[in-house]
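Trainee: Can you read through this structure? Questions will come right after.
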């Protein structure tokens with residue numbers, strides 16, 4: 001399902017279960033003290049990442065984590081990993097094709113009111129209320145939450161800086177079956193880690209009725 005929200009130059013892999021897959025020793029060390037469910041989802045996420053890398057012609061390698069918990073990809077690769085109940089996915093692209101990729105998966109269910117206020121700006125809530133009036137079957141605040149998670153992952157790849165939920169203004173549409181696109185306006189000044197201007201971010205969302213997937217890319 002994740003492939004529906006990404007451009008063709010992005011390689012993807014996903015699963016709805018947790019197969020018995022091995023980890024590299026340096027990966028296993030990262031979750032050695034975690035509960036079994038966390039170890040399983042971590043292993044499946046890395047398995048999906050290696051499948052995506054293989055589709056780019058990249059040999060299997062350990063994918064460790066950086067100081068903010070982000071996956072550390074092979075040189076020349078950008079990517080993202082996500083997991084929620086019943087869904088795990090990874091996406092990867094060559095850095096000379098895309099500068100950043102962020103993906104997220106969430107259950108398609110109502111977002112608690114207190115979380116909605118924490119995540120969404122008042123003007124975003126007003127926009128989503130109008131969309132909900134026309135399309136009430138979609139849990140729009142949950143879509144927006146997932147979109148901001150994807151945005152943060154792409155943003156951090158480029159800047160290695162924090163981005164709060166209220167630091168970005170999203171605008172959504174429903175332009176295809178069970179999904180659509182969104183744009184992001186960043187409300188804080190920042191440059192990429194190379195010192196260049198942060199490029200525009202574009203995203204897509206999709207739901208099958210039980211799971212939401214979102215993705216953000218930057219060229």
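Including glycine, each Cβ sits where the backbone N, Cα and C put it.
What you see is a predicted model, and the numbers here were worked out from it, not measured in a lab.
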Trainee: Which single residue out of 56, 120, 163 does TrEMBL record at the CoA site shared with 38, 46, 82, 83, 104, 149, 153?
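Mentor: According to TrEMBL, the candidate sharing the CoA site with 38, 46, 82, 83, 104, 149, 153 is 163.
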Trainee: When DSSP states are grouped into helix, strand and coil, how many residues of the domain '4'-phosphopantetheinyl transferase' (100-174) land in each?
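Mentor: Once the DSSP states are binned, the domain '4'-phosphopantetheinyl transferase' (100-174) shows 43 helix, 13 strand, 19 coil.
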Trainee: How would DSSP class residue 83 (CoA binding site) in three states?
Mentor: strand
Trainee: Given the recorded Mg(2+) site (104, 105, 106), which additional residues of the same chain have their Cβ within 8 Å of the Cβ centre, ordered by sequence?
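Mentor: For the Mg(2+) site the neighbour list reads 82, 84, 87, 103, 146, 149, 150, 211, 212, 213, 214.
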Trainee: If you run through the domain '4'-phosphopantetheinyl transferase N-terminal' (26-93) with DSSP, how many residues end up as helix, strand and coil?
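Mentor: The composition, in the requested order, is 26 helix, 17 strand, 25 coil.
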Trainee: Tell me, how many other CB atoms lie within 10 A of the CB of residue 104 (CoA binding site), whichever protein chain they belong to?
Mentor: 28
